[in-house]
Amino acid sequence: MGWAVALHGGAGDIPRSLPPDRREPRLATLRRCLDLATAALRSGRAALDVVELVVRELENCPHYNAGVGSVLTADGTVEMEAAVMDGNTLRCGAVSGLSTVVNAVSLARLVMEKTPHIYLAFDGAEAFAREQGVETKDPSHFITEANKERLRQAKEANRVQVDYTQPIPKDDNSRVGTVGCVAIDSAGNLATATSTGGLVNKMAGRIGDTPVIGAGTYANALCAVSATGVGEAIIRHTVARDVAALLEHAPPGASLGDAAARVVAGVPPGKVGLVAVSAAGEVAMAYNTTGMFRACATEGGRHEVAIWPDDADGAN
């Protein structure tokens, strides 16, 4: 069995022509985060600590749509959201509508551990962040020139999207963004964490799947799941919870890979990807999009970093 970890940096219509200057920094970050996770798990760190550690690192990378790389609303503002969940206890925490918190995932954990609630949003979440003394920055810290340009192009095309490509072709439907991590530690504890800036040109106040427990984020004693893609589709299909439900109601010996593939196949094409780990130490990374930035490692020796279906261990 042993420990296992998987992480993602978004699923979508990622073109194979994605320029190296946009592809390689993201792959390098995935490799670095995978190294951090494996070192932490080998040293005996708890799964919940590991998923928070990894997602914080992804939030601090401007090349992903979370934290400092968060895309902009139609008003030109940032509204970040995140969630964490501990599988063995079903404890969870979630936040939405953040504009100043450097690491939304850590605030979500504080909601889980320091309040009687599960979900805080907007002004209430910001006030809680100040009360807890977490690191904050002026909202301008999170607004990058690249994301200003993405918003300009999305407005010009009159659509809502998340996109890795620049410039954005008129007929392009690329959707990528959310970051997430799932892990099982050597003691058998499962955990998941997910964070995102949402969709380019989304309405102010829009909430996606990431902080909705059971949609974009879920863990129990059988598995941990983090989803990515189009939030509205993920919410409608309760993607993360459905993977766990299939394992709960399946015959003994059911495969996590089969459950993940079945759930992803039930969502309209081009809308979803997920990473998952099971209590047996299995890893699943499934998606119905062109690609998904993803990585995983297990105590048994599996090691993978990839974007598209046929480029495991490097996407070179």
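Glycine residues also receive a Cβ, built from the backbone N, Cα and C atoms like all the rest.
Unlike curated records, TrEMBL annotations are generated automatically.
As written in TrEMBL, here are the features:
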ACT_SITE  THR178  active site, nucleophile
BINDING   ARG206, ILE207, GLY208, ASP209, THR228, GLY229, VAL230, GLY231  substrate binding site
Cβ neighbour count within 10 Å of GLY231 (substrate binding site): 29
Which listed residue (THR178, ARG206, GLY208, VAL230) has most other Cβ within 10 Å, given these are recorded positions: THR178
Chain-internal residues, separated by at least six, CB under 8 A from ASP209 (substrate binding site): ALA215, GLY216, ALA227, GLY229, GLY231, GLU232, ILE234, ILE235, VAL239
Distance from the residue listed as 'active site, nucleophile' back to ILE207 (substrate binding site), taken between C-alpha atoms, in Å: 13
Cα-Cα distance linking THR178 (active site, nucleophile) and GLY208 (substrate binding site), given in Å to the nearest integer: 10
Rounded inter-Cα distance in Å - THR228 (substrate binding site), the residue listed as 'active site, nucleophile': 5
